[in-house]
Amino acid sequence: MAEGQSHLSIQMSDSNTNGTPSRKQSSADLAGRGGSILTFHNISYHVKMKTGFLCYQKTVFKHLFRACLCLTNFSPSLLDILAARKDPHGLSGDILINGAPQPANFKCTSGYVVQDDVVTGTLTVRENLKFSAALRLPKSVKEHEKNERVNQIIKELGLSKVADSKVGTQFTRGVSGGERKRTSIGMELIIDPDILFLDEPTTGLDASTANAVLLMAKQGKTIIFSIHQPRYSIFRLFDNLTLLAAGRVLYHGPTRHAMEYFQSIGYECEPYNNPADFFLDVINGDSTAVAMSKTNETGTGMKHRTVAKYFNSAYYQETKAVLESISLGNKKKTKAVFQQITYANSFLHQLKWVSKRTFKNLVGNPQASIAQLCVTAFLGLVIGAIFFGLKEDSTGLQNRVGAMFFLTTNQCFSSISAIELFVVEKKIFIHEYISGYYRISAYFISKLMADLIPMRTIPSITFSCIIYFMLGKYAFFTMFFTLMMVSYTATSMALAIAAGESTDAVANLLMTITFVFMTIFSGLLVNLRSILPWLAWLKYFSIPRYGMTALQINELTGLNFCSSTNNTNLISNNNYPQISQLWCSGEEYLKNQGIDANSWGLWQNHLALVCMTIIFLTIAYLKLHFMKKFS
């Protein structure tokens with residue numbers, strides 16, 4: 001929560017006979033209600049911030065929330081802290097569930113609906129709910145029971161008419177915003193959580209839909225959510241209200257008594273004004289509410305005065321008394337367990353369902369894969385036409401080397417598209433991982449299979465087939481395997497660079513620059529034996545070099561460029577600087593390039609590519625593993 005930001009948070013629970021909660025609330029009263037009781041004690045949260053430039057930087061601590069005592073079947077807008085989804089290193093104080101410390105798997109057993117819906121748009125409403133049920137409900141729950149649970153949620157949330165409609169993406173039309181929001185809520189209700197957190201649940205919805213979403217949430221559970229400037233029809237649903245300003249509590253108590261309380265400290269709401277707007281005016285200190293109050297204070301001074309008034313009020317004293325009546329014997333620091341994740345299913349079960357969704361996502365959004373295949377086929381035809389009819393003379397040697405250079409370079413640059421593999425779904429991955437859907441390894445392997453098979457292997461086969469039949473001479477399997485390994489290695493490097501990033505702009509730039517330098521050391525633009533020793537080691541990091549070397553050994557070994565018909569031309573030809581000398585065989589040319597034409601000289605390049613692929617994939621996995629997943 002940023003400084004100066006104000007939120008309202010509510011509890012949706014049972015009311016008394018007249019429709020609002022009574023002012024007096026004991027722990028016994030609260031315990032009798034549905035859902036769990038969440039309490040937090042002396043909570044304070046700060047973050048490290050660096051100021052200055054480079055070596056003059058200083059580390060300062062910024063307090064986002066300061067000591068507050070509150071009892072809640074509701075929540076302030078410290079939603080992430082209460083839901084154990086905030087980095088715990090800046091947290092002090094205690095958060096209890098029914099008087100006991102939060103369990104280690106609290107994130108996995110509670111529901112959390114983020115403000116920006118994180119549902120897979122290429123799947124239907126039912127498929128999204130089934131995905132949640134398959135991974136968050138234990139295997140002891142039978143398949144038909146999971147399906148019944150999904151159908152029940154669909155019926156309860158009023159999604160029956162759109163159950164088999166795709167949610168929709170930025171490219172394809174789907175369900176409405178309200179139906180999308182209800183789908184997000186449904187994915188959390190699948191596990192029937194005792195506590196459900198909702199972050200700005202009405203954002204992006206029209207007034208009628210927002211009202212329906214909140215009415216739908218009243219299911220006898222503890223509902224904790226933040227909301228900003230709600231309309232009156234929504235505001236009147238609140239049972240308890242907490243107002244925050246600059247991280248401090250201005251009011252906490254029954255919604256019914258909020259107007260009375262602020263009137264008692266000098267603030268009056270104009271007739272026909274929305275109470276929510278009035279409270280925000282008080283918090284911001286820039287409205288008629290302040291003018292009508294009998295004080296000349298504004299801004300920070302007014303906020304401090306309002307905070308002090310609340311801590312001296314009867315509402316604070318009542319809250320404090322109820323807190324003290326709750327047993328704190330089991331109270332302990334909860335930092336250690338905040339980042340523990342537990343899973344309801346095995347690795348193989350997770351891999352199966354995540355892979356299933358990934359391939360469905362690929363089929364439901366085929367533009368990228370089809371475009372990749374079409375571009376590959378087109379380039380193959382163009383290259384085949386340009387280099388068609390290779391001869392065994394000086395021009396044939398140059399054309400062969402040029403063709404092989406383009407083949408490897410094209411495989412590298414076409415792999416840049418893999419940058420988006422983890423970037424596009426970063427928000428979905430973080431939310432689902434923290435919620436205990438799957439392990440990082442299951443997600444990582446499923447994404448690799450979905451990218452390497454359709455986006456790298458199939459285009460490599462297509463490319464190799466076209467080149468083989470138009471240029472000939474190549475040993476097909478060796479050429480295909482080489483191009484595939486170049487593509488795999490380049491893709492792995494793209495993943496290693498982009499994993500954990502929020503945008504692909506910087507990763508795209510780094511990939512392009514890296515491939516340009518790798519191209520210089522590929523063996524065509526400069527003779528690698530002529531490079532200065534202190535720079536020569538860079539050739540070992542060039543992916544195109546390994547691919548081009550393997551292709552040259554595969555293609556040039558056994559060719560003779562000094563037949564009786566072209567020998568004179570080859571000796572006297574000075575148009576091609578690299579091949580102006582007399583190289584009567586492919587072996588002689590390879591020797592001049594410093595390439596061993598034996599069997600080991602060929603396969604050591606593939607071994608190097610395999611090793612680089614493993615290293616890059618390991619880096620990508622570690623970046624995902626250690627990526628900051630808590631806000």
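Keep in mind that glycine also has a Cβ here, set from the backbone N, Cα and C atoms.
Please treat TrEMBL annotations as automatic predictions, because they have not gone through curation.
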_Listed range which TrEMBL flags as transmembrane segment, given the options 54-72, 453-471, 529-547_ = 453-471
*Roughly where does the domain 'ABC transporter' (38-271) sit in mean pLDDT, to the nearest integer?*
78
*Intrachain neighbours beyond the transmembrane segment (606-624), with Cβ under 8 angstroms and 6 or more residues off its ends*: 422, 429, 440-441, 443-444, 448, 481-482, 485-486, 488-489, 492-493, 495-496, 499-500, 540, 543, 546-547, 550
*Which bits of the chain, at least 6 residues beyond where the transmembrane segment (506-528) starts or stops, bring a Cβ under 8 A of a Cβ in it?*
401-402, 405, 408-409, 412-413, 416, 419, 423, 490, 493-494, 497-498, 536, 538-539, 541-545, 548-549, 552, 578, 592-595
